[in-house]
Amino acid sequence: MNTVKKIISKMAQTVASSGGDLARPFTVAVEGNVGSGKTTFLQHFNKNQNVAVLAEPIDMWRNCSSYNLLELMYQDPKKWSFTFQSYVQLTMLRQHQRKTRQPIKLMERSLYSARYCFVEKLCRDGLMAKPSMEVIDQWFNYVTKLEDTQLDLIVYLRTSPEVAFERILKRNRSEERTVAFEYIRDLHDIHEAWLYNKTLHKCKAPVIVLNADLDQSVIEEEYMKFEPHILNKIPLEVKSL
Ligand SMILES: Nc1ncnc2c1ncn2[C@@H]1O[C@H](COP(=O)(O)OP(=O)(O)OP(=O)(O)O)[C@@H](O)[C@H]1O
């Protein structure tokens, strides 16, 4: 056996004995406003056998030992936001740490959008008390230093707030019936500041921006344009945001 074959064979044995979980996979977070089409985007990659697709743990938020934390948060944000965000942080951390056999991991949202977009919004609206923010932040700072929580790429599904809001109205999710356009507009502005204008918070991963206003009938073409980067076939230059 030549040397290269020996190395490959040794690597294969090591991977097999470790259950396929050697290094952190190439990790991509799919971000964008509520209603931006993250689910549709993930479905496109679901068929690829090199990609582990991790949907947002929204079902867990709706059923935490039978409590619907998402609904409680929308009904009374002042009372329930800390509880909800604590649980979001825990469930997101689990997603980041989930072992996968595939070399690419595509996550719907991340610890980062929870903190930089949603907690940011609660803070701006005065809906989360300062001591609660401090606890969320200390947890966040601690867990985002772990190797498992690092991101290699962010895909930003960029929509106009009007389109996102229209989609939310159309899907008619029961917990979201009280969502106002202003909420979506503010979340849009925060996503823009974080991922487009890069004026809010630091993040080490490069960002790909997709036009997610496009109709479902043509959006596949937009996905295909960026697919080689998402599948890490053409790595993007790493720049600090
Ligand atoms: N960290 C968070 N804090 C508060 N609410 C959150 C948080 N993450 C998600 N949500 C809420 O959970 C619901 C799901 O929103 P999200 O944008 O994550 O997915 P989505 O709208 O189902 O995705 P898409 O429509 O892009 O496929 C929304 O009602 C959103 O407001």
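Just so it is clear, glycine is given a Cβ too, placed from its N, Cα and C backbone atoms.
Copied over from TrEMBL, here are the features:
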- E108: active site, proton acceptor (ACT_SITE)
- G32, N33, V34, G35, S36, G37, K38, T39, T40, R167, I168, L169, K170, R171: ATP binding site (BINDING)
- 29-223: domain 'Deoxynucleoside kinase' (DOMAIN)
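On the structure: features taken from TrEMBL.
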residue	record	contacts (Cβ under 8 Å, 6+ apart)
G32	ATP binding site	K38, Y156, L157, R158, T159, H191, A212
V34	ATP binding site	A164, I168, E176, V179, I184, L187
S36	ATP binding site	L157, R158, T159, A164, R167, A212
T40	ATP binding site	Q216, I219
E108	active site, proton acceptor	V30, K38, T39, L42, L54, A55, E56
K170	ATP binding site	none
In sequence order, those recorded positions of V34, S36, K38, E108, I168, K170 whose CB lies under 6 Å from ligand 1: V34, S36, K38
K38 (ATP binding site) CB neighbourhood, other CB atoms within 10 A: 22
In three-state DSSP terms, the structure that the residue listed as 'active site, proton acceptor' belongs to: strand
Assigned conformation of T40 (ATP binding site) - DSSP reduced to three states: helix
